[in-house]
Amino acid sequence: MGDKGGENHSEVTDFILVGIRVRPELHSLLFLLFLIVYGMVLLGNLSMIGIIVTDPRMNTPMYFFLGNLSIIDLSYSTVTVPKAMVNTLSQKKTISFAGCVAQLFLYALFMVTEAFVLAAMAYDRFIAICNPLLYTVRMSRSLCIQLVAGSYLCGWVSSILQISVTFSMSFCASRVIDHFYCDSNPIEKISCSNIFLNKMVSFSLAVLIILPTIVVIVISYMYIVSTVLKIRSSEGRKKAFSTCSSHLGVVSLLYGTVSFVYLTPPSNPELRKVASVCYILFTPMLNPLIYSLRNKDVKDAMKKVLWKKKVLF
């Protein structure tokens, strides 16, 4: 590339994605790991979507949100993983400038949307347990659609802001991104621009996304716990808590892995990449399993599908 300040973002045609640094003989093994886990992501989430769409018992707000959660999990894995798999076995580990912009935009879109959908699911559980008689009125089909549409809108707006500040920077000394997908933090490291504005925008977006979603989830569960503890029968308490345990597991998994990614010291990029793999691959793989193992309706629907296949064969 040219000298510092001699080339800006409009002249960059592609970037090089370093990927996860392993010995050359381990590239095939890494590709196989990505392939197996991504295959399980596809299988688990497509199965969940299929069951929710085809089983009449799943025509409730909770499963409407769960179906959208599976779509989101499937989407942000698909945005990043196939390209990482190709680059693992390729000598030319490039991604076009437009491809990098699209990847960061879609990744940020689905990541933010998931946070708001999980908050909407917490509100749904709050209404179901604390106001069961008003559940069908409060959680109407139109409100559920509005909550999901609003989640996507928040994701879209934040993504536009993120890519606007990220790709308005100049890239002078290098086009090598030390990651296996286009993320704002490693992209900032190869810029010769002042990134103060980028840091402020990223921090502001993080506060505006994390704070309200966490507040909704925490307050919802405070009321849920308070209501459940007032139930006299242990069987009733167990049943009420069981309807929330899957959601709590998914929320803990999401925020745990995201915290691991973004609290990993920048001085240790390889650890940050491993943390990103956990978020991008293992979280979407485990979410359907969590709901399948902890939810009686989902297990019954799966047994019904498997029984039909057994009868057909």
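Quick reminder: no glycine exception, Cβ is built from N, Cα and C everywhere.
TrEMBL: automatically predicted annotations, no manual curation.
Source: prediction; values computed, not measured.
Feature annotation from TrEMBL assigns domain 'G-protein coupled receptors family 1 profile' to 44-291.
Annotated transmembrane segment per TrEMBL: 29-53 (among others), in sequence order. Only residues 6 or more beyond the boundaries of the transmembrane segment (29-53), in the same chain, are considered here, and those with a CB under 8 A from a CB of the stretch are 20, 22, 63-64, 66-67, 70-71, 73-74, 77, 81-82, 84-85, 88-89, 281-282, 284-285, 287-289, 291-292, 298, 301-302, 305.
Nonlocal intrachain contacts for the transmembrane segment (95-123), taken as residues 6+ away from its ends with a CB within less than 8 angstroms of a stretch CB, comprise 9, 12-17, 62, 65-66, 68-69, 72-73, 75-76, 79-80, 83, 87, 144, 147-148, 150-152, 154-156, 158-160, 162-163, 166-167, 177, 181-184, 187, 209-210, 212-213, 216-217, 220-221, 247, 250-251, 254, 258. Marked as transmembrane segment by TrEMBL: 95-123 (among others).
Summarising the annotation, TrEMBL assigns transmembrane segment to 143-165 (among others). Nonlocal intrachain contacts for the transmembrane segment (143-165), taken as residues 6+ away from its ends with a CB within less than 8 angstroms of a stretch CB, comprise 61, 64-65, 68, 101, 104-106, 108-113, 116-117, 120, 123-124, 184, 197-198, 201-202, 205, 208-209.
Residues 112, 115-116, 118-119, 122-123, 125-126, 129-130, 154, 158, 161-162, 237, 240-241, 244, 248, 251, 255 of the same chain sit 6 or more residues outside the transmembrane segment (203-229) yet have a Cβ under 8 Å from a Cβ within it. According to TrEMBL, the feature transmembrane segment maps to 203-229 (among others).
Cβ atoms under 8 Å from those of the transmembrane segment (241-262) belong to residues 62, 69, 111, 114-115, 118, 121-122, 125, 128-129, 214, 217, 221, 224, 228, 272, 275-276, 278-279, 282-283, 286-287, 290-291, 294-295 of the same chain, restricted to positions at least 6 beyond its ends. What TrEMBL records for 241-262 (among others) is transmembrane segment.
Marked as transmembrane segment by TrEMBL: 274-293 (among others).
If you take every residue in the domain 'G-protein coupled receptors family 1 profile' (44-291) and average the pLDDT, you get 90.
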